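Here is the structure we will look at, set down as structure tokens.
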Amino acid sequence: MQTADIRNAWLTYFGDRGHTVVPSASLVSDDPTLLFTVAGMVPFVPYLTGVVPAPFARATSVQKCIRTLDIEEVGRTPRHGTFFQMNGNFSFGDYFKEQAIAYAWELLTTSEADGGLGFSPDDLWVTVYHEDDEARQAWKRIAGLPDERIQGLGRDTNYWHTGQPGPAGPCSEIFFDRGPAYGADGGPATDDDRYVEIWNLVFMQYLRGAGTGKSDFEILGDLPTRNIDTGMGLERVAFIKQGVENMYETDQVRPVLDRAAELSGRRYGADHEDDVRMRIVADHVRSSVMLMSDGVRPSNEGRGYILRRLMRRTVRAMRLMGVDAATFGELFPASRDAMKAAYPEVSDDFDRISRLAYAEEETFLRTLSGGTTILDVAVGETKAKGGERIAGDTAFLLHDTFGFPIDLTLEMAEENGLTVDREAFDRLMLEQRTRAKADAKSKKTALADLTVYSEFRAAGETRFTGYDELETGTTILGLIVGGHSVDHAVAGDIAEVILPETSLYAESGGQEADAGSIVGQGFDLEVLDVQKPVKGLISHRVQVRSGEVGVGDAATTIVDADWRRGATQAHSGTHLVHAALRQVLGQDAHQSGSYNRAGYMRLDFAWNQALSPATRSEIEDIANGAVRDDLQVVTRVMPIDEAKQLGAMALFGEKYGDTVRVVDIGGPWSRELCAGTHVSSSAQIGLINVVGESSVGSTNRRIESLVGREAFQDLAVERAIVSQLTSSLKTPREQLPDRIADLLQNLKTAERRIADFEAQALQQRVPTLLAQGSRVGSVTLIQESLGSVRSADEVRQLVTLVRERAGSDPVVVALAGDAGGKPTVIVATNQAARDAGAKAGQLARAAAAVLGGGGGGKDDLAQGGGSDVSAIGEALAAVRQALDS
């Protein structure tokens, strides 16, 4: 059976039995605690846990999933993959254990011709929780399985829970026996290579208490409703039904594997390590295509980092098979063609996917070339010293300078039989992050643990009234202090406030949260932040300015009108700039991110080259033309399919429900799906002033603008600057560019003359320094403190000049200088000195130790530095001593 046949058989079977067929959710999960959708049940968690009432009693889906926890196993086992599809059937308080078992057995053992999967009953084994006699008896009664093919196992394998207090229950797993060629007899409890798990039935019926580990917890009682959550791995069933050895050889994955074999000239099946690499390529390319089709872009954090890691592991695998050139142009289309029938968005969006992928590959090929050289040197030096571990500072250098992710360094070290000093690397990373954040001040702090919100979300969604009003009367539904639900908060407390309705906008869609207050009889709360910690619930982080607030108190939410006005100007301005971008650059220049706050907007868009000043001006002029035209802004709520038919733009990476809000500016001039707040006519924006355009990675650009009052203020400042320049330079405004260009040219000419003079001055010092050489053993040492110097480069130039003029006898040159309060010692050796055993790197480190710093370099040229300028004389003495030892 082809993968599509298995998928269709599943959906048809359960659809015919009253299950609502639910399309796959995005790989980007709604759950803020998850980077990705990691299991088929993830989109149904709110229904299974009772936080949100289920809109159906039964459901079925084929859910696309991403898991990278076992990424090191990919390619090495028959069933580990980072992307997989999970067939699931779910019951929300409807049928339970016996019916779930009956459905599973019928679908598995019914012939393919009759709509089933055609498994022989003799090849199937099951496991149950050892205390779940109900499930054991159901299997015997329904399937006729003998006791020896129903194995009872413990909580660690056959009991489902989330890892924290909440829903739990026993589970029953179904296994396929691949036969004695794959392992020992004895069932799943004996050998999980021979016996492959294909389906897991979870009977969610109990409430578990606190505990640790997989099995150390208490069962508190029964759940109000009993639910069913099952999952069948589509790829696992496919490789069994297609008679191949592993999931990488199935019809949806094999085309990429075959293309990798063709590109590398290696034959699949001829060499184990090459086979592993081809399987890695096949898996990771498919995962990358699917992630990018759901809006994920390569980056250095979060989801984007996972995608980048998958793509870079692919490049590495191809290089290890001898392919140094770019290959994504061949591999990605192979995956697209294999997946587009099940997921048309892969094909529809492939132009964008391929551009991103090819740019990422080219960037990493350059990174790999430079970083590999550094790592090869480190490997050689480590082995030469008899070491087993690459230094943490080397790994940090690779990460910080060459963009090498630490996991790649770890892999390459392991390939050379070495490890990495991860503790030192992590320490350096922490120091870097601490420095980066030292001056950052933010009003945001972490929200409470997500579990505290479940009771509030169960009461219903927070209704946002801020589209129509700035003040809303409401009631305090809940208070959270220090991560715990409380009944009151007093002056000075920082708390989260949960309300049934609010006029305060929660940060989302690139728009910053509203500023404002929440007031009531006897209390005044300053709103610091507004967020959506879980879907449908708004939390207001506040400081109690005065009084005491309690649960049940009447309250009024008040939005800062000036703040909201500026935010709406910025958000509507973003839509205009986006539309103008696409008019000028074409439809490929779509938005990839945005940020709006009062008076400021930032728009990231897909583009791989800088915009010329003329293009920037054209975009700004078009956007301001729309402002002057006073276009009406109309918002409508409608089904998403209707919105797409109208041409409303859905932004990549955003997640939308069945019903969406469409924002029109001037009818079709700008039409986007958007839940943000907006002006009622474009003239209210006032002015858009583009103030910057820059790169955000290799495939994105960023355009920044001031909007409204801030834009006018910025123009006033520019006007004042121009007036000052015309006065200072005694030049009319229209002639300023030429006048400034002349001044800059004169400055460059003067700088060149100064540089020539300094070079001559350095040359004149060489004879004096050569005459000061003294013997240290078999080597002549020339050393001197130069006093104050402009930079370390000046010292380096002079050291190099002296070495070149020193002749062929063994010579070491060590010169020091004070570069703005930073002592520098630079050491150079000629070939004869190196033959005599003198190494510049060792000598520079000896000097640096005295200066209170560090140093190093190559045997022919090295540098040391520190913080103690007064110790320069001692540092030069240390060079002599090290040379003499």
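Here the Cβ of each residue, glycine as well, is placed from N, Cα and C on the backbone.
Taken from Swiss-Prot as is:
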- His571, His575, Cys674, His678: Zn(2+) binding site (BINDING)
Taking the Cβ of Cys674 (Zn(2+) binding site) as the reference point, list residues of the same chain whose Cβ is under 8 angstroms away and which are at least six residues distant in sequence.
Gly509, His571, His575, Arg661, Val662, Val663
Cβ neighbours within the same chain of His678 (Zn(2+) binding site) - under 8 Å, at least six residues apart:
Thr568, His571, Ser572, His575, Val633, Thr635, Val663, Ile665
If you count Cβ atoms within 10 Å of each one, which of the binding-site residues His571, His575 comes out on top?
His575
Given the recorded Zn(2+) site (His571, His575, Cys674, His678), which additional residues of the same chain have their Cβ within 8 Å of the Cβ centre, ordered by sequence?
Thr568, Ser572, Thr574, Val633, Val663, Ile665, Glu672, Gly676, Thr677
